[in-house]
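According to TrEMBL:
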type   : residues : note
DOMAIN : 21-71    : domain 'TIL'
SIGNAL : 1-18     : signal peptide
Amino acid sequence: MEWALLLVFGSNLLVAHAKCCPNNEEFKECGTACEPNCNNTNPQVCTEQCILNVCQCKQGFFRNSAGNCVDSCYGEPCGDNEERLNSSSICEPTCDDRNPVCILIAVQDVCRCVKGYIRQYANGPCIPTRECPPPIPDTCETKQCPPGTICQQDEVFCKRPPCPAPPPRCVRARNCNGIRCRPGYTCQMIVPPCLPDIQCPPPFPECVPIFSPDPRRG
């Protein structure tokens, strides 16, 4: 009997919460931690954690600076170094990705960085473009190559310094030099099976289990 009363009381409490939500809001048992607002009508990055039992703006409404849910943010102030645009791309450049690949969808009435400024990170503040940290160059130390390949940086013809660093690329390894195998494996040169009267392909390196017999090993 006590459990039944508790369940009924809990259900009534949820209904009461739902009825008490302000205009243009709805009750959610698990609401988003990144509710769209007039500064950011379309949050791109958000935690998966939800907010329990909360009133949030209905679809198509945004929370303004007064804390109300409105269907238009016209006249609402933007953040520092931002301006309000009637329409803009859904993908905003950041220091880490200045030319994002984006679908052809526009957002209306949105705050964007003013000219000469860029988002420091997704949903972050707008900072002068020149203050973005230098990008981390892609080198063989950071590039992950698939098994059987090694990283190689080719020379780049450059007429006038400063010259760009040669781009790293993964190439087929010809021997075990530079091949890194996971624990429990070792690099062995494998002799492909072939017929005597046909030219045999050259041996190639491969990571194989340690002490595992393999008739293909040369």
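Each residue, glycine too, has its Cβ placed from N, Cα and C.
Model confidence over the domain 'TIL' (21-71) stands at 87, taken as the mean pLDDT rounded to a whole number. DSSP assignment over the domain 'TIL' (21-71) gives 0 helix, 21 strand, 30 coil.
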